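What Swiss-Prot annotates here:
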type: BINDING; residues: Gly13, Pro14, Thr15, Ala16, Ser17, Gly18, Lys19, Thr20; note: ATP binding site
type: BINDING; residues: Thr15, Ala16, Ser17, Gly18, Lys19, Thr20; note: substrate binding site
type: REGION; residues: 38-41; note: region 'Interaction with substrate tRNA'
type: SITE; residues: Thr104; note: site 'Interaction with substrate tRNA'
type: SITE; residues: Arg126; note: site 'Interaction with substrate tRNA'
type: REGION; residues: 162-166; note: region 'Interaction with substrate tRNA'
type: REGION; residues: 243-248; note: region 'Interaction with substrate tRNA'
type: REGION; residues: 276-283; note: region 'Interaction with substrate tRNA'
Amino acid sequence: MPLTTPTAIFLMGPTASGKTDLAIQLRQTLPVEVISVDSALIYRGMDIGTAKPSAEELALAPHRLIDICDPAESYSAANFRQDALREMADIIAAGKIPLLVGGTMLYYKALLEGLSPLPSADEKVRSEIEEKAQLQGWAALHQELAKIDPLAAQRINPNDSQRINRALEVFYLTGKSLSELSQQKGDSLPYQILQFAIAPKDRSILHDRIALRFQKMIEQGFQQEVEKLYQREDLHLDLPAMRCVGYRQMWEYLRGDYDHDEMIFRGICATRQLAKRQITWLRGWKYPIEWLDSLAIESAKQTIIHAVTKISHSNS
């Protein structure tokens, strides 16, 4: 009897679309274990502003790959792929189906397609580039990048120091340009993937949900959560954790950049922009994907159950 490729489920969608609620219901019905695919939920101490599942929700459906990093730590798509593959293998070994839930599309892409063989960050090289920038300015380093990697220089704004640094770092470490290395792909995913995306059919409903959820976060103590982070000397707005939507706006409010009402307005706008980017990415997704309606959760659940049952029968 030939070995069958194991099944995994992707449940994607924009922020505030109801992914967590649906995942919890699926966990009660199907032999699945949940893996979070969210670049904000990885951070400890960032619970309210990330809409992290509550203790009650996690008791019903434990999520792997949440609370695995301190906000000061870096975590890449490559880190996620390595961690997710380990968790998926562990779930399959237990006779269950991995259910990957979240809205960080870059993580899904890395998982499906593998990653180009880019070197890990090297603090010594990065520091040398920073020192060079202090002497010459980032515009001069952008010109240097244009000679090494014209394609990357076209994509990267001359003021985007972080991306200029990374592109130069890659060249200094490997002798090859970022553009050249990015064209090389890694290993594909050894799973049969059922891919679903959930969102309301009417975009205005999602906008309303985002506004209501942000207001609820404020009521739940989001400001106090960010104040604890703000008081830490090792955290700043250049860190990925502090650039998460909502956190940046609250941080800037605490710094005195604008008043409370403006912070709420900017936080809601930033979250809506994130949702728009997520939907745009999903609309352009090159893999087969079935769309589910956020306002018809029972129907969405039955659609996924039917797909899993069908594939299980075909593999048996």
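Every residue, even glycine, has its Cβ placed from backbone N, Cα and C.
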Original post:
Which of Gly13, Pro14, Gly18 (the binding-site residues) has the most other Cβ atoms within 10 Å?
Top reply: Pro14
Original post:
Residues of the same chain, at least six outside the region 'Interaction with substrate tRNA' (38-41), with any C-beta under 8 angstroms of its C-beta?
Top reply: 49-50, 52, 63, 65-67, 75, 80, 102-104, 106-107, 240-241, 244
Original post:
Non-local Cβ contacts of Lys19 (ATP binding site) (under 8 Å, 6 or more apart, same chain)?
Top reply: Leu11, Met12, Gly13, Val101, Gly102, Gly103, Ile198
Subject >> Three-state composition of the region 'Interaction with substrate tRNA' (243-248), taking helix and strand from DSSP >> reply: 3 helix, 0 strand, 3 coil
Original post:
Long-range same-chain neighbours of Thr15 (ATP binding site), Cβ under 8 Å, sequence gap at least 6?
Top reply: Ala51, Gly103, Ile210, Val245, Thr271, Leu274, Ala275, Gln278
Subject >> Counts by DSSP class (helix H/G/I, strand E/B, coil) across the region 'Interaction with substrate tRNA' (162-166) >> reply: 5 helix, 0 strand, 0 coil
